[in-house]
Amino acid sequence: MFDSDSPTRRSVVLSTSALALGGLSGLAGCSGGGGGGGGGGEGGEGGDGGSEDTPTATATEASGSGGDGESEDTATATATEADDSGGDGGASAELEEWFSNVDNYDSVADETGSDQVTVSVGAQGNGGAFAYDPPAIRISTGTTVVWEWTGQGAQHNVAAEGGAFESELNGEEGFTFEHTFSSSGTYRYACTPHRTLGMKGAVIVE
């Protein structure tokens, strides 16, 4: 009854085709949008991964700060070594100056650990019997030093700088004077009448 080539049939066919194409385009758009959303989700997961790395780095930095304790110990150790060497140098310089005119002094006799040490008074030195022998000794706290007179070089005595100890003047052979050192330090002493000749001594107490 209808002509297949009539304008009305052509319009219906064209409309149906347009609707079909529109539906396919819509489906394509939906699937494309979904893919984009998925990509966004992956990006979010990437962001979460970055936040996990940050605490790890912070923890590493915190553990690295533990090295400060070691550097403080080293500094303390270094400082401790500098003080010791300075103290020894000061004592040596003091003794060298004190014994500058004493011709029988060349070193300090180490008597640490001894309960008693004897020093001769009126030994040979400084142009006659005007010396202590040994002139310098190193002892431990609590050690007793006994000075024994040789009877040579007229009368001598033992007088500490600062008055820590002092004997009487005597020229008798075998006469003794003693002193027990209970405190650490360097004690310098001399013979009062023969000091200018170089009759000097020292006791270093540790």
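Each Cβ is built from the backbone N, Cα and C atoms, and glycine gets one as well.
Annotated Cu cation binding in TrEMBL involves Cys191, His194, Met199 plus, out of the candidates His156, His179, the residue His156.
Secondary structure of the domain 'Blue (type 1) copper' (121-206) per DSSP (helix as H, G, I; strand as E, B; remaining residues coil): 6 helix, 40 strand, 40 coil.
Within 8 Å of the Cβ centroid of the Cu cation site, not counting the listed residues His156, Cys191, His194, Met199, the chain contributes Val121, Gly122, Phe130, Ala131, Tyr132, Gly153, Asn157, Ala190, Thr192, Pro193, Arg195, Leu197.
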